Amino acid sequence: MLWMRSIRHTLKPQSLGFHFCWYSSSTSSSASAAAVEAARTIQDGPRNDWTRPQIKSIYDSPILDLLFHGAQVHRHAHNFREVQQCTLLSIKTGGCSEDCSYCPQSSRYGTGVKAEKMMKKDTVIEAAKKAKEAGSTRFCMGAAWRDTVGRKTNFNQILEHVKEIREMGMEVCCTLGMLEKQQAEDLKKAGLTAYNHNLDTSREFYPNIITTRSYDERLQTLEFVRDAGINVCCGGIIGLGETDEDRVGLLHTLATLPSHPESVPINALIAVKGTPLEDQKPIEIWEMIRMIATARIVMPGAMVRLSAGRVRFSMPEQALCFLAGANSIFTGEKLLTTANNDFDADQRMFEVLGLIPKPPSLDDAESDGSEEVASSLG
Ligand code: SF4
């Protein structure tokens with residue numbers, strides 16, 4: 001951590017004359033919104049009072065300028081060489097009652113994904129050990145459920161997994177659907193680091209994608225998670241047929257939560273045959289970069305995770321995502337039920353790009369980075 005602080009200290013604009021001068025010229029009247037807001041974020045630290053038009057103008061900045069300023073903010077708030085490797089395991093696959101249009105695990109769609117029982121404890125723990133050996137520092141368990149209500153036995157078993165994996169020195173995350181207050185508190189007691197519950201898209205576009213649970217129900221789960229003292233992991237998916245305005249709407253909701261999520265996964269849709277979104281066109285890398293860099297500028301302290309869809313991106317394309325501000329990937333054969341990047345290719349990418357694996361953050365209160373960003377200028 002001391003080392004991290006010294007990196008941040010080294011990157012103070014005041015300590016780098018040319019860097020500081022650069023800001024003076026870039027914030028002239030011709031500067032893009034990305035330049036202006038990135039300089040403000042670096043100067044003042046994270047904020048929660050973003051307006052939607054402000055985020056939209058960052059998002060609409062010329063792509064290379066947006067990329068550059070995402071990188072600037074990233075280097076002030078994080079060690080730019082560190083990328084966290086996470087592993088996501090589906091511990092209860094398929095048969096889900098929800099109707100999320102992108103999801104092959106919904107029982108409503110004929111995707112060939114079969115409903116399975118919850119994975120046995122030994123299998124889960126073995127997978128966590130393997131993930132750790134392969135360099136993962138965060139282990140996430142996913143279950144295809146609407147919620148955990150009425151699943152006491154399974155839920156108690158998951159609490160045991162959380163305890164055991166946490167004792168292995170890994171961050172532990174769960175994504176189990178909607179939670180109640182008590183369950184969030186139980187997960188916290190078991191040692192859960194973070195709970196993932198994505199908003200997926202903007203409030204306006206959301207009903208086109210899911211009808212079986214509301215946006216507000218999702219926000220309620222996030223509130224229970226936050227109140228229990230668990231880190232919030234919340235992001236979305238692009239490529240669902242949404243507009244740029246919807247992408248901005250999602251980022252606006254996240255960036256104006258009472259505290260920014262510590263973790264923001266940005267997923268690119270993998271269109272799965274049999275789902276209502278099977279014919280969606282794959283998104284372009286530039287769309288991903290626009291999302292990542294904007295997320296980085298408006299939520300500087302968050303871990304921005306380059307998540308589903310990475311399998312479609314080449315190493316140079318992924319490099320641009322890391323430059324824009326992404327600092328985490330999911331490794332392992334599968335991402336829940338869809339294919340993921342090859343392990344050896346990821347190792348080679350780390351080597352070629354000079355990336356280093358980010359160690360786990362095991363403090364009880366993982367910071368959202370606000371103090372650190374502010375103090376890096378202090
Ligand atoms: S995304 Fe989650 S809640 Fe939605 S259908 Fe898939 S498993 Fe169920």
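Placement of Cβ uses the backbone N, Cα and C atoms for every residue, glycine included.
Going through Cys103, Cys140 against TrEMBL, the one listed in the [2Fe-2S] cluster site together with Cys173, Cys233, Arg305 turns out to be Cys140. Record note: among 39-58, 359-378, 359-378 is the stretch given as region 'Disordered' by TrEMBL.
Within 10 Å of the C-beta of Cys233 ([2Fe-2S] cluster binding site) we count 27 further C-beta atoms, all protein chains included. Its Cβ placed at the centre, Cys103 ([4Fe-4S] cluster binding site) has 24 other Cβ atoms within 10 Å. Within the set of binding-site residues Cys103, Cys140, Cys173, Cys233, Arg305, Cys103 have a CB atom less than 6 Å from some atom of ligand 1. DSSP classifies Cys100 ([4Fe-4S] cluster binding site) as coil under the three-state reduction. Less than 8 angstroms from the CB of Arg305 ([2Fe-2S] cluster binding site) sit Gln84, Cys86, Gly235, Ser263, Val264, Pro265, Ile266, Ala326, Asn327, Ser328, Ile329, Phe330, each of them six or more residues away in the same chain.
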